[in-house]
Every structure is written in structure tokens, then in C-alpha cells.
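Quick notes on the structure that follows.
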Amino acid sequence: MKATIIFFLVAQVSWAGPFQQKGLFDFMLEDEASGIGPEERFHEVPELEPMGPVCPFRCQCHLRVVQCSDLGLEKVPKDLPPDTALLDLQNNKITEIKDGDFKNLKNLHTLILINNKISKISPGAFAPLVKLERLYLSKNQLKELPEKMPKTLQELRVHENEITKVRKSVFNGLNQMIVVELGTNPLKSSGIENGAFQGMKKLSYIRIADTNITTIPQGLPPSLTELHLDGNKITKVDAASLKGLNNLAKLGLSFNSISAVDNGSLANTPHLRELHLNNNKLVKVPGGLADHKYIQVVYLHNNNISAIGSNDFCPPGYNTKKASYSGVSLFSNPVQYWEIQPSTFRCVYVRAAVQLGNYK
């Protein structure tokens, strides 16, 4: 029985004719022979549904994310999907942001324009972005901050540009702003208007590192918790420069030319937990550290400190409510470490938290 079935299948295969490639003309002849016209054949094909938003040429689109980075683009692509939430245009050759480049992008939350050649942004370019929260413009050629930024903005990063001025009017109405990054710009203290950041009531983080400023910017908002001013040309810290910063928890002033921290200056930052003053020109430990209730980390290495008093870091006695230090760095100072009293670091959490080392 099995042999009979196999024979039958082989016979069927042997009867099958060879495959013949058919062209459009062959199908037309078949239609003519069968009496079916072209219009009747294609009438049976159901109409296609309208296509959704088209992804720009060479870009990649997925789940409201449009990635157009590293494509050598010289301008913003047209016809971006209106539901885009994140638009990545970094590492291109875009030179200008024009009005209408972001039209209809009412759902955009994040715009990445890092590492282009942008030198001009039209005043109304960001107007359609009514939900924008994060704007990244670092590594471009901007000489000024963009005007009329969306009031929903929470994070602005514009480091490594050519910005020389920060006008107070630029930040007007940006009440949701939390982070501002302006480092590595040719900024001078005279280029930052007094109170330029004051109107941003929720501002928590400012970084203006590696610029030419010589003083701490005035009129900083009391909401600030982190202030990073490393790598500048600041020479002094006085009480007025830190006035009103009651919520400041981290202060970065390393790699400046600071020779003195005036008495009472640190009292204006009662919640300070971390202080970076390494790589400066200090000749003594800043006053007021012993009175700070919360400070836990102090970097003072690579200065000119030649003596350390027994009460420079800790209040008198041992039964205090001061937080214990978790890190104190004093290496690379011309201090005679064997002259330091054993009780000097009585409020340090563990002995290993103190870094002394040799002066070179």
C-alpha cells in the first residue's frame, strides 16, 4: 500500500511542467482570454489605509523617538512626526535653527542638538515646543543664549559654545527650570547680569566651570542646592557672594586662584555638605567649618596651607551634634603633618577619611 502511494506522488511530480517566469504582458493575455478587464482585476484590491507619520529619510523612528544623529545633516529635517517626544540631532553639521523647523512638534519633551555648528537661532524657533523640558545645545558656536525659550523648560545645557553674555531677560518666565549648564564658554563676570538667574524659583543646579569669571555670580536663587564654579579665575570668597544660599548642599570652587575665604562666608550656607576648594592658593583652613552642622566632605589638597589648628575642623569637645566627616583631603600642602594635634580630627567618621600625604 505504501509503495502504491509513493508511486502515485512520483507520477504527479513527473506530470508537473517546468516553472515559467511570467511577465506583465502574459498576465494581460490571460485576462483577455478570461474576459476579465484590468479595471475589474484591480477593483477587487481593497483600498489601503492612509499611512501614519513618515520617518525622515535616513533617520530612525521608534516609539515617539526620532534619531537623526551622525548623518552629516546641514539643516533640520522636514516633515518630522507630530507625535515625536524625543528628537536627537546631535553630531551633525546644522548651522542655523529657523522659524518653522519644529512646527507641529507640540509633544516634544527633549531636543538634542549637541555637537553641531549652530551659530544662530531665530527668536521664535522654539515657540511651537509647548511641552519642551530638556534642551541640549552644547558644543556649538552660539554667542548668546536663545531667546523666548519654552516656559516648560527644566534643563538647559549650553556648555562649550562662544557665549560671552548672560542677560537676565533670557530667563524671564522660566519658573520650571532646574538645571543650567554654561561651562566652557568665554564668559567674564561683567558678562553675567546681576540677578540673571534669580527669577528661576526652582533652579537647583548651576555649573559655570572653565570660564573667565573672577567672582561668584551675584543674586543667585535661594533654591540652589549645587553650585559648580570650578576652573575659573575667582580670587576670593566673601560673605556677600554666598548670601541667601540657605539650601546649598554642594559648592565646587576647585582650580581657581582663591587665596582667602572670609570669616562668616560659610555661615550663609548652613546646609552645606560638600566643599571643594582644592587646587587654589589658600594659606589656611577656611574659617567656620567647625560650626557647620552638616558639612561632611572638604577638599583642600594642592593649596599653600602651612598650619592646621586643633579646632579648624571640629568644635571643642567630643559630645557635639555635628555630622561626622566622611572625607577630608589635605595632601600636597606645605604643612608639617607631625605637628597636627591628634584631637584635630576628633569628629571624623573613620581615620581613613583623612588624606594627608607629603607636600611636593
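From the backbone N, Cα and C atoms, a Cβ is placed for every residue, glycine too.
Of the cysteines listed (Cys55, Cys59), Swiss-Prot assigns Cys59 as the disulfide partner of Cys68. Remark: secondary structure over the repeat 'LRR 4' (143-163) totals 0 helix, 3 strand, 18 coil, with classes taken from DSSP. Around Asn263 (N-linked glycosylation site), taking its Cβ as the centre, 12 other Cβ atoms fall within 10 Å, counting all chains. When averaged over the repeat 'LRR 12' (336-360), pLDDT in the model lands at 85. If you compare Cα positions, Asn304 (N-linked glycosylation site) sits closest to Asn263 out of the recorded positions Cys55, Cys61, Cys68, Asn263, Cys347. Using a 10 Å Cα-Cα cut-off around Cys68 (disulfide bond), the recorded positions Cys61, Asn212, Asn263, Cys314, Cys347 reduce to Cys61. Within the same chain, residues at least 6 positions away in sequence whose Cβ sits under 8 Å from that of Asn212 (N-linked glycosylation site) are Pro186, Leu187, Lys188, Ser189, Asn232, Lys233. Every protein chain shown contributes to the tally, and the Cβ of Cys61 (disulfide bond) ends up with 17 other Cβ atoms within 10 Å.
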